[in-house]
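Chemist: This is the feature table in Swiss-Prot:
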DOMAIN    1-158  domain 'Obg'
DOMAIN    159-334  domain 'OBG-type G'
BINDING   165-172, 190-194, 215-218, 285-288, 315-317  GTP binding site
BINDING   Ser172, Thr192  Mg(2+) binding site
Amino acid sequence: MFVDQITLELRAGKGGNGVVAWRKEKYLPKGGPYGGNGGNGGSILIEAVTNMYSFEEYRNLRFLKAGDGQAGASNNRTGKNGKDFVLKVPEGTLLRDAETGELIHDFTKDGERIVVCQGGRGGKGNVFFKTSTNRAPTKATPGKPGEIRLVELELKLIADIGLVGFPNAGKSTLFNTLARTEVKVGAYPFTTLHPSLGLVHQEGYLYQKPWIMADIPGIIEGASQNRGLGLDFLRHIERTRLLLFVVDISGIERSSPEKDLQILIGELLAYKEDLKNKSMVIALNKIDQLLPDEREERLALLKQQFPDQEFILLSGLTGEGVDVLHDLFKSKLSE
């Protein structure tokens, strides 16, 4: 299950109590105070990691708690500190205060780690209160409570390539071809109900780091106003380095590729205008359904209407044109 938003109550550990104790040894009948301090409560930290792509493992959790500090002991022994809790999250996670909406941190790199809830300080034992005028203090203090915070975690996927298109444009088929994997494919809208992630290996470069590709669920007209799957997944487009628009050029499932492309670009810009600055490629898919003359005719019409866009003819089903797309990825993603 893909989970990209959760709310959690985070509870840091309570500090251990300080204690009142006395030094009792045979040759020290008036040994004085000997009570130790309490241990500090454990803190809650959040750390971004690679190879984690959703909050699925936390979907049934409502709160997380770090360990409490232990009480001090006689012989001036300090209690053991409570164990910290480190919450692992995917790169691309936004951390917000659920009550104020304040952005606490944006996790963009592997290994980024911050303290979100500080553990409570341990209390002081009676040794701490010994002075020249008070040689036998009977005072000790309790440990401080740990911080409690209600937070929201929201994921915006960080991917090299984001596949964007209408339902039934053939995105999932193309995704399977590029990533050499299998996501669900079907001849009905919204086959993809959550983003799928795959790796696209650079052809001829076995030891190069592969590109991360995200298949974004199908966009419909009005997605920027939260129609269809709407805003739930439009946010995942924001952090992709390259947008690959997948448009059905065959005219079988959808009658007008020109209108489709106009709506797709319009919805993205309505959601966030600065997406226009992203690198884009238009993949005209399902050319296996057309004769060569038909392909070129429809391509020419699209180029006329969208002169600033870069187009490529391909078939996710047969693989035709995919090698050219690989070359485009290499040139665009190395810029």
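Residue numbering: from 1, along the chain as shown.
A Cβ is built for glycine as well, from the same backbone N, Cα and C atoms used for every other residue.
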Chemist: Counting across all protein chains present, how many other Cβ atoms fall within 10 Å of the Cβ of Gly165 (GTP binding site)?
Modeler: 28
Chemist: Taking only the Cα atoms, work out how far Lys286 (GTP binding site) lies from Ser172 (Mg(2+) binding site), in Å, as a whole number.
Modeler: 12
Chemist: Give the residue from the binding-site residues Asn168, Ser172 that has the most other Cβ atoms within 10 Å of its Cβ, counting over every protein chain displayed.
Modeler: Ser172
Chemist: Could you say whether, by DSSP, Ser172 (Mg(2+) binding site) belongs to a helix, a strand or a coil region?
Modeler: helix
Chemist: Need one number: mean pLDDT over the domain 'OBG-type G' (159-334).
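Modeler: A mean pLDDT of 79 is what the predicted model shows over the domain 'OBG-type G' (159-334).
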Chemist: Look at each of the binding-site residues, Lys171, Pro217, Lys286, Ser315, and point out the one with the fewest other Cβ atoms around it within 10 Å.
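Modeler: With the binding-site residues Lys171, Pro217, Lys286, Ser315, fewest surrounding Cβ atoms within 10 Å: Ser315.
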